[in-house]
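A.B. asks: Straight out of TrEMBL:
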- Asp75: active site (ACT_SITE)
- Cys78: active site, nucleophile (ACT_SITE)
- His288: active site (ACT_SITE)
- Glu263: site 'Linear diubiquitin binding' (SITE)
Amino acid sequence: SEEDMYRDAEEIEREKMLLYETSSSEHKLSVAPEMDIMEYCRKEWRGNTPVAKRMRKGYEAVAQKFASIRRVRGDNYCALRATLFQALSQATQLPSWLQSEDFTMLSDQRMSKYDWIKQWQLKQKLGRKMGEISDEIKEYLILLREKWKNMSEIKDPMERQEACDKLFRNEAEEYSLYEALKFLMLNTAIKLYNDDKDGRRVPVFSWLLFARDTSSNPCQLMHNHLNHIGHSGGLEQVEMFLLAYALRYTIQVYRLYKYSTDEFITLYPNDPEEDWPVVTLITEDDRHYNIPVRMCQETML
């Protein structure tokens, strides 16, 4: 194909193998066991194309900070999965926004004001009535708070990691948590949109989010973007900012194809609040995200 003319044969073959491996041996694992980061790199990037060389340099730089990598299941939820997995596995306390009394009432509050939210698409199930959707989202928000609370109460990091692994093997609960995250993103988008309309200060990414032809308001954002996450699309760059604001977490991403540029390590948001916890992800292409783990001793000191 025309696209293949620009890629090395080795690279195309590697991609086919990756798809085969993902569809066979690892399809049931949401987050694979950890693997030495340079061993993973050597396995994935053997060629001598400029792309392969850049990836190897990028992985070498990440290996200065992290010893291992955990491969994340490659569906269209991977940005949500990698971010939430890191947040929960590092959780030492329940975030204040999850503690508020009206947190679980968000779906009722928003739907009573915005009738169009009844077209929210839950896990590819259509035709629900508005009350049913509201109740289901409420269940997901309660589940998110419950799981976060449970993780934060486990003081031993190894035990917490094991509990996290177990949670991300429970498909029903895992996908329910992603629906909660998507709703929190919509809730944050509505707030930012209204703040801007009322003349309040909003972060720059909010202007970019609503400057797109496909998301000039929260309703369009839901229809054309959020409803598709996990089904026919993943998160775009500007939506990574929205996820960070929804969780009040700084998402630090090693973008390997940007190695040796100012964008190699990108922060969402790029001017984070000092008290926001940080999670770290790794990507080769801004579409699929993996998790670097086991911070090197020197870095921790």
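Cβ coordinates are placed from backbone N, Cα and C, and glycine is handled just like the others.
Automatic, uncurated: that is what TrEMBL annotation is.
Quick caveat, the model's predicted, so the values are computed rather than measured.
Relative to the rest of the structure, where do these features sit?
C.D. replies: The Cβ of Asp75 (active site) lies under 8 Å from the Cβ of Gly230, each on the same chain and at least six residues away in sequence.
Annotation for Cys78 (active site, nucleophile): same-chain Cβ neighbours under 8 Å, separated by at least 6 residues, are Val72, Gly234, His288, Tyr289.
Cβ neighbour count for Glu263 (site 'Linear diubiquitin binding') (all protein chains, 10 Å cutoff from its Cβ): 11.
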A.B. asks: Quick one: give me the count of other CB atoms within 10 A of the CB of His288 (active site).
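C.D. replies: Result for His288 (active site): 20 neighbouring Cβ atoms inside 10 Å.
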